[in-house]
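Asker: Can you read through this structure? Questions will come right after.
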Amino acid sequence: MRAKGCSTDRPTLFHAVIHLSASHILCHTQEKLPPPLYLCYSAVDSNPLSVYVMHPFWNFVVKFLPTWLAPNLITFTGFMFLVLNFLMLAFYDFDFTASAAEHEHVPSWVWVAAGIFNFLAYTLDGVDGKQARRTNSSTPLGELFDHGLDSWACIFFVATVYSIFGRLESGVAVLTLYYILWVVLFSFILSHWEKYNTGILFLPWGYDISQVTISLVYLVTAVVGVEKWYQPCLWHYLYRDLFSFMIIVCSFTVTLPMSLYNVLKAYRSNTLKHSSMYEAFLPFLSPVLLFVLSTTWVVFSPSNILELQPRIFYLMVGTAFANVTCKLIVCQMSNTRCQALSWLLLPMTPVVLLAVTGVVANETLLLYLWTAVVILAHIHYGVSVVRVDA
């Protein structure tokens, strides 16, 4: 059914904008190929869980891997486990309602598989670098491939975890999860912003703790059922409240202060790689603009698109953010200046305008097409980087 006042030629305009957006992104990526990368991996990992438990475990696991197994294949396999989790939960719980009361729940075996796959992905992410050093095959491309896929993985594990609680009375509102997703995304880019300014990647404590916890929660859910999470865990607070509270508090009381402290320490010791505050904070411009554009779409959507298609909207935002983050990683690895603006945001602006003004009658179709453009553009950028560095 067509909305009132919408003429029949508007889908043509809508398709034209999507086509021009895709052409613009692909052509610009082809012209502005990334510079050569340099391997200068310097990281600090002080998390006790990582240092005393996970690293010894990974050192044990890597001994069983054949030396002919490429580290990048290990990285990609781990990433695909997260994608598989996302697709598996999308099949059983596409709109995040399966965990609610009086709805058909996700089968227990799916949660068992999700827990195993998540831990396998985490383990492979930990052993890929060890395999590279073990086989003397460390490359700049391998570092970029690892961190680039990590940036894209954020959306997959956040959306998969969301299915535990769902969106209805006993769950977390889709708008709340949208902002939680942004907290996770900004927490991720903070580490790479630190490296862009200090030359050292300070690995966040929250990552290891969250991955182990998520894997265990999946397995516990398979045993006790999603109904367990309906019950209060502390006073009158539900597990969903604890879930949201822990992510937000960890980000604003640990991740953000530590990032600012490390950059400030580098500034005071005159080891900061960028002399001005403008240059130091330039990498945040594109993520902030992406947040503004996507939030504008959410707030002013005529059809309340986030309620209609939360999974696809999260995927679009997470993929666009991964593209922005990958370009920052390329800049830090090639010792070049960060772009002031990601070109992906230019065509996104008219797409958002088409959506919020109601020019396009079918807002869901617009979202699906734009999400496809974003995913293809991100993959195209990755392929371009590989070709340049090969």
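Quick reminder: no glycine exception, Cβ is built from N, Cα and C everywhere.
Just so you know, TrEMBL annotations are computer predictions that nobody has curated.
Pasting the feature list from TrEMBL:
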type	residues	note
TRANSMEM	73-94	transmembrane segment
TRANSMEM	106-124	transmembrane segment
TRANSMEM	144-165	transmembrane segment
TRANSMEM	171-191	transmembrane segment
TRANSMEM	242-264	transmembrane segment
TRANSMEM	276-300	transmembrane segment
TRANSMEM	312-330	transmembrane segment
TRANSMEM	342-361	transmembrane segment
TRANSMEM	367-386	transmembrane segment
Asker: At an 8 Å Cβ cut-off, counting only pairs 6 or more apart in sequence, do the transmembrane segment (144-165) and the transmembrane segment (276-300) clear the bar of 3 or more pairs?
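Answerer: Output no: the transmembrane segment (144-165) is apart from the transmembrane segment (276-300).
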Asker: Same-chain Cβ contacts of the transmembrane segment (171-191) under 8 Å, 6 or more residues past its ends?
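Answerer: For the transmembrane segment (171-191), the sequence-distant neighbours (Cβ-Cβ under 8 Å, at least 6 residues beyond its ends) are 96, 99-100, 150-151, 154-155, 158, 162, 165, 201-204, 206, 240, 243-244, 247-248, 250-251, 255-256, 259, 283-284, 287, 291, 298, 306-307, 310, 313-314, 317-318, 321, 324-325, 328.
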Asker: Below 8 angstroms Cβ to Cβ, which residues of this chain, lying six or more residues outside the transmembrane segment (276-300), approach it?
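Answerer: Result: 175, 178, 182, 185-186, 189, 192-193, 196-197, 263, 306, 313, 316-317, 320-321, 324-325, 327-328, 331, 337-342, 345, 348-349, 352, 355-356.
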